[in-house]
Amino acid sequence: MSSKERREDIKAIFLESKLPIKGQELATKFNVTRQVIVKDIAILRAEGNNIIATPEGYLITRYENTKIRRVIAVNHDREDVYKELKTVVKYGGIVEDVIVEHPLYGEIKATLMIKNLNDVEKFNDKFDKSEVEPLFKLTNGIHIHTITVDSIEDMENILKELKDENILIDN
C-alpha cells in the first residue's frame, strides 16, 4: 500500500467514526510506526482536512452549517471545572477547546471536544488524578472556551446557567 492510499484510508476511517481514534491504533492497523501516522495526519491537515488531536485521539470535525458557535470567557477555580463542563453538555453543547492568554507566549490552546456527560466524567477523572495544574492556573482562573450548540435557545440556557453560577465573565 502506498502512503497516499494509506492516507486515503485513514481519512475514510475518520469520516466513518464518531469517536476519536488513537494514533497507535492506526499505526497497528496499517503496520507502520506511530510517527508515520503523525506525518500522514499532518499531510491530511495540509490538504485542508479538519483533523484535530484530542486527549482521546484524532478525529475529523464535521459541523453542519446550522450549528451555533460562540467563544465565551469564564473564570473559576479547580473545584468548578466539573460544574462548568456539565452545564455545557447538559444543554447539548460541545466544549471544543480551552484557551488562555499567556503574557509571554500569547494564546495557548488545547482541544477538548467534550460533548456528553461520559466525556465530562472521563475528563474529570483524569483531571482529579492528575498532578498537573490546569491551563487556567496561569491566568488566575480566567480562560476561554469555544462552545458549539444546535440552537440559540441552548446557547442562552448555557450562558444563563454559567452566569448564575458566577462562572461566566460578562462581555
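The backbone N, Cα and C atoms fix where each Cβ goes, and this holds for glycine too.
Positions annotated as domain 'Helix-turn-helix type 11' by TrEMBL: 6-58.
Summarising the annotation, TrEMBL assigns domain '3H' to 72-168. Summarising model confidence by region, the domain '3H' (72-168) averages a pLDDT of 90.
Taken from TrEMBL, the feature Ni(2+) binding site covers His76, Glu84, His143, His145. Same-chain residues at least 6 positions away in sequence with a Cβ under 8 Å from that of His76 (Ni(2+) binding site) are, in sequence order, Lys83, Glu84, Phe136, Gly141, Asn166, Ile167.
Listed in sequence order, the residues Val74, Asn75, Asp80, Val81, Val98, Phe136, Ile167 complete the 8 Å Cβ shell around the Ni(2+) site centroid, once His76, Glu84, His143, His145 themselves are left out.
Per-class residue totals from DSSP over the domain 'Helix-turn-helix type 11' (6-58), listed helix then strand then coil: 32 helix, 7 strand, 14 coil. Glu84 (Ni(2+) binding site) falls within a helix when secondary structure is assigned with DSSP.
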